[in-house]
Structures are given as structure tokens and as C-alpha cells.
Amino acid sequence: MSKQSPTRKLRQTVYDASLKVMFTLRPERIHGLMNKALGVVDGVAPLNRTMEKIIAVHDDSLSQEVFGVTFPRPLGLAAGFDKNASMADAWGAVGFGYAELGTVTASPQPGNPTPRLFRLPADKAILNRMGFNNLGAAEVATNLSNRKSTDVIGINIGKTKVVPAEHAVDDYRRSASLLGDLADYLVVNVSSPNTPGLRDLQAVESLRPILAAVQESTTVPVLVKIAPDLSDEDIDAVADLAVELKLAGIVATNTTISREGLNTPAGEVEAMGAGGISGAPVAARSLEVLKRLYARVGKEMVLISVGGISTPEQAWERITSGATLLQGYTPFIYGGPDWIRDIHLGIAKQLKAHGLRNIADAVGSELEWKN
């Protein structure tokens, strides 16, 4: 990356100092404070527009049409932050090209008992066992219907915890029916480790009727989100099913239940308990899964890569390895809006360095990063 400007350095210094203060608070308390701040951006249109002009990267080379939707920039907010679409109009203002909201379940639910969110600063990671806490599809639909912006929005839907697996199809269908027309795309989440039995629904025989029901319930593109902990054979099976059902794409990957290779002392991690880890520790496996998916089905559907994309170099590698779109959550917590800006500026610079007119030309190209 080019040398940082004094303004950029100042912004990052201020954010880093703020982060140190915030990290003295409980993680969910920080999340609540960030929600309130973003809620102001969401609700004040002039502020929203001003921030978008200042913070977001505006470069025609970053814009692309994906499954019939125009994405102005490739990096989006990953699901898990804006669970209730309460800040749906704020994400473009902080620089994202789109946002995936949720996870939303058909019925409201409180999620798992607290504490359920933990920081691993030594790993630039977060461990969570939130358990799909949300207001339910009907309430989220109301929030979405009150949106003022035309920013691209995806909705991530999951299974209500109390609904048994044998009734999962109807549960997902209900969410899709309520939310589908209010989103630009839907993602079927069967890969969170924090709802008992949910990951079992990734098995093809369980997944097929769920995906088919969601497709029947909406006219918007449908994608499926998978776990990094699937075996290579299971990844292939889900990919083949996605092609068979003509899904719009695959989001890869969710959080990992692996605890290997962490810098955080094992005793501290064990004390945190169960949950999925996001951020830097999942980066290598997420890249592996992306490459496997692209080799198998990349020419037939859109691949959205998420998991530990912390630097512009990593973002470029995901794109050149087959990702049409990118997502992040944990790096946003650690890096703030300038992380989003750096990613987009880095990608635009690489496109220019390689003589490419549009990001679509770089997808799957295997082009190296140019310094």
C-alpha cells in the first residue's frame, strides 16, 4: 500500500485510541454503543450522505453487476452485526458496498445466555455463541420497509432454535416469504455452530428441501452459507447441490469451531467456552474453501468470500482466487471504517496496475499483488 496520508494516520490513531477504551468494556456493551452511533448515521439523512461522500471509495472499476444487482463496491458487511436491520441505511455511509443483515429467524428469540461474545486481541479474532438473537422475521420486515436508501441489502436467514429439524423447511420458508421481497438477495444459513443441530442441515439430503422451499418463496437470488469445518468432500457435495438447484451463489465461510494455531493462551480460550471464532484464525481455511469452490463451480455461480480478510493483499487474493464479492465483520471491529476504505483503494490500485478496467476481469485470474 502507498504511504498513509497525515489525515489517514490521524483517523487511525483516534480509532485505535477509542478501541483501547472500548476494549475495557464488555464486548456486547461495545456492540450496543456502536449500534447507537450507527443508528444516528442511519436516521440523519444529511449526515449519512456526507459520510458516504467522504469515507466511501468511488471508483467505477469497483462497480459490477452481480446476479442482476449493481454492487458499487465489492466489500460488504458480513451477517451478525446488524441482526435486526436497525441500521440498514448506515452501511453505505461507512464505506461498504453492501450489507448482509441478520441472521434472522422466523420467530423472535433471545439467543444464548450471556456472556456469549469474547475478544481475542492477540489473534485479531472474536469468539461468539450468540445463538441467532433477533426480533424475528416480521419485525425485521417492518424495519426494512422503513428504509430510505437504495443501498444493496442481503438478508441472512436461519432456523428458529425451538423448531425441530423435521420442521426446518417450513421455518425457513416462513422467513423467506416475509423478507424476500425486501432484500436484494437471501442467504440460507445452515452453518452457525451456535444453534444445536444446525450444521447437520448442511448434509445434502437435509439441505435440498430447505433451499428449494426458500427458492419457491421468493423471486430474489438465493445463496447458501457454509462452514469452514466441512470436509472437502462435503464442500463438493454442497457445491454440486447448489449447481443442481441453480442457486445464485455460495457464501464461504462462517465461523470455525477449531481452536488450532491461536496466539491466545489455551486456558483463556477454554474458559471462554463454546462458540465460533471469526477473524484472522479462519483466513487460511476460508481461502482454501474458496479455491476449492471456484475450481468446482466458479464458472456457474457467484462466490462470496468471508473470513479473516484483514488487508488489501488478502482481499486481492480472494478476488483473484475466484470471489466476486467479499465480506467482513471482525476486521471492521479491529480496523474501523478505514479498513473498508483501505481494502477498496487497494483493489482499485491493483486493477489499474494490471491494466484491468473492471473488478470482474480480476475474478479467478490468479494475478499476483503488484507493489
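Including glycine, each Cβ sits where the backbone N, Cα and C put it.
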According to Swiss-Prot, Ala79, Gly80, Phe81, Asp82, Lys83, Thr103, Asn156, Asn189, Lys225, Thr253, Gly308, Tyr329, Thr330 bind FMN, and the residue from Gly131, Gly279, Gly355 that belongs to that same site is Gly279
Given the recorded positions Arg129, Asn189, Ser192, Asn254, which one's Cα is the least distant from that of Asn156 (FMN binding site)?
-> Asn189
Pairwise CA distance, Phe81 (FMN binding site) versus Arg129 (substrate binding site), rounded so that it is a whole Å = 13
In terms of DSSP three-state secondary structure, what is the assignment for Tyr329 (FMN binding site)?
-> coil
Using the recorded substrate site (Lys83, Asn128, Arg129, Met130, Gly131, Phe132, Asn189, Asn194, Asn254, Thr255) as reference, state which further residues of the same chain have their Cβ within 8 Å of the centre of those residues' Cβ atoms, listed in sequence order.
-> Gly80, Thr103, Gly111, Ser192, Pro193, Thr195, Gly275, Gly276
Using Cα coordinates, what distance in whole Å links Gly279 (FMN binding site) and Asn254 (substrate binding site)?
-> 10
Sort Asn254 (substrate binding site) into helix, strand or coil using the DSSP assignment.
-> coil
What does DSSP assign Ala79 (FMN binding site), in three states?
-> coil
